[in-house]
């Protein structure tokens with residue numbers, strides 16, 4: 001919204017999309033945290049609490065002075081999510097890149113999901129500083145980057161989960177077609193397409209994001225054309241439809257058809273081992289999708305209700321909002337944990353990374369030698385000829401019995 005549309009009273013602190021500087025910043029989990037930018041900014045010390053609470057600021061400390069307990073809890077949450085999310089998601093990406101056996105179509109989609117989550121958690125240090133200072137000190141460029149990353153994360157994640165569900169449907173219900181369609185190359189192309197689709201919202205948001213001086217602090221916020229309320233609510237509704245309702249319908253249809261297929265046949269492929277792996281991977285993807293839906297449904301419902309009706313002020317409402325935010329946070333660091341528990345290949349690769357055995361080290365050295373041989377064939381040929389000459393010389397100089 002433009003500067004003239006920025007509210008100057010306490011009545012907008014509680015809107016999930018409004019962050020006036022007169023309140024203290026709310027915990028902002030990956031994407032919907034900064035969906036507060038739909039009406040507000042990053043430098044709100046109590047986050048989405050005042051408009052939602054009917055204008056009262058009794059639950060919000062004054063600007064720049066969050067209570068010590070609140071600050072400690074929120075900073076601890078930021079730190080845990082940031083460390084676990086970055087380490088876990090980068091470990092997932094490393095394992096997929098490092099091990100040839102992990103370069104399957106499903107795992108390439110998982111790589112895309114991990115990349116989106118890692119980008120989202122990388123914004124938490126900026127949000128932490130913003131919370132403690134009660135202002136945005138990083139300038140306009142970083143403001144644009146942080147806000148756009150949040151939107152990219154939300155849309156790329158849900159689009160990737162949709163893709164994974166369709167991929168599972170093809171693998172289970174159309175195994176013959178799957179041989180041609182489910183290839184790593186096609187998965188990479190689809191991942192790129194998902195990022196391009198996400199740009200339909202990510203790029204406009206980047207241009208809309210800006211910093212504004214207000215009441216002695218700097219807000220990182222979105223600007224909307226007049227009438228502001230119309231464009232704000234239109235964006236909320238579009239996000240609700242295209243980033244929640246439609247993907248959930250696609251995922252539900254895919255898994256409904258898969259369940260019917262799995263119940264109707266005992267053997268999906270000609271091998272019991274392949275059949276077991278197929279069912280295991282399908283179960284893992286289903287759990288990942290279910291966790292995503294559980295984490296994001298409350299905040300989507302909350303925001304769309306607030307866009308349509310006025311919610312009266314209650315303490316329960318404030319607690320509910322922060323609980324929704326916390327759920328959104330946890331999703332960015334939960335997926336690596338799910339892979340570790342649900343997929344034997346990921347579990348084995350994680351174990352090898354954390355506790356390398358002698359056989360693992362030998363295998364890595366062997367892989368490096370083979371790679372060097374492919375990269376430098378002339379050197380390899382020279383070494384082979386030298387070894388052959390030494391063997392001949394040794395045979396010639398060895399005394400006969």
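Just so you know, the numbers here start at 1 and follow the chain as drawn.
Cβ coordinates are placed from backbone N, Cα and C, and glycine is handled just like the others.
Summarising the annotation, Swiss-Prot assigns topological domain 'Extracellular' to 1-69 (among others).
The N-linked glycosylation site annotation in Swiss-Prot covers 9 (among others) and is backed by sequence analysis.
The feature N-linked glycosylation site is assigned by Swiss-Prot to 12 (among others).
The N-linked glycosylation site feature in Swiss-Prot is assigned to 34 (among others).
For 41 (among others), the entry in Swiss-Prot reads N-linked glycosylation site, with the evidence type sequence analysis.
Residues or ranges marked as N-linked glycosylation site in Swiss-Prot (evidence: sequence analysis): 49 (among others).
Taken from Swiss-Prot, the feature transmembrane segment covers 70-94 (among others).
Per-residue pLDDT, averaged over the topological domain 'Cytoplasmic' (95-107), rounds to 88. Residues or ranges marked as topological domain 'Cytoplasmic' by Swiss-Prot on the basis of similarity to another entry: 95-107 (among others).
According to Swiss-Prot, the transmembrane segment annotation covers 108-132 (among others), on the basis of similarity to another entry.
According to Swiss-Prot, the topological domain 'Extracellular' annotation covers 133-143 (among others).
Long-range contacts of the transmembrane segment (144-166) within its own chain (CB-CB distance under 8 A, at least 6 residues past either end) are made by residues 30-35, 37, 42, 106, 109-110, 112-113, 116-117, 119-120, 122-123, 126-127, 138, 190-191, 194-195, 197-199, 201-203, 205-207, 209-210, 220, 222, 239, 242-244, 247, 250-251, 254-255, 285, 288-289, 292, 296, 332. Under the heading transmembrane segment, Swiss-Prot lists 144-166 (among others).
The feature topological domain 'Cytoplasmic' is assigned by Swiss-Prot to 167-186 (among others), with similarity to another entry given as support. Across the topological domain 'Cytoplasmic' (167-186), DSSP helix (H, G, I), strand (E, B) and coil residues number 17 helix, 0 strand, 3 coil.
The annotation transmembrane segment is assigned in Swiss-Prot to 187-208 (among others) on the grounds of similarity to another entry. Among residues of the same chain six or more beyond the transmembrane segment (187-208), those with a C-beta under 8 A of the stretch's C-beta atoms are 37, 105-106, 108-109, 111-112, 144-145, 147-148, 151-152, 155-156, 159-160, 163, 167, 222-224, 239.
Per-class residue totals from DSSP over the topological domain 'Extracellular' (209-231), listed helix then strand then coil: 4 helix, 12 strand, 7 coil. Per Swiss-Prot, the feature topological domain 'Extracellular' maps to 209-231 (among others).
Here the transmembrane segment (232-256) has Cβ contacts under 8 Å with residues 1, 17, 35, 38-39, 154-155, 158-159, 161-162, 165-166, 168-169, 201, 224, 286, 289, 293, 296-297, 300, 303-304, 307 of the same chain, all six or more residues outside its ends. As annotated by Swiss-Prot, transmembrane segment applies to 232-256 (among others), with the evidence given as similarity to another entry.
Residues annotated as topological domain 'Cytoplasmic' in Swiss-Prot, with similarity to another entry given as evidence: 257-280 (among others).
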Cβ neighbour count within 10 Å of residue 354 (S-palmitoyl cysteine): 8
Within-chain partners of the topological domain 'Cytoplasmic' (95-107) [C-beta distance under 8 Å, separation at least 6 from its ends]: 114, 164, 167-168, 182-184, 186-187, 281, 285, 345-346, 349-350, 353
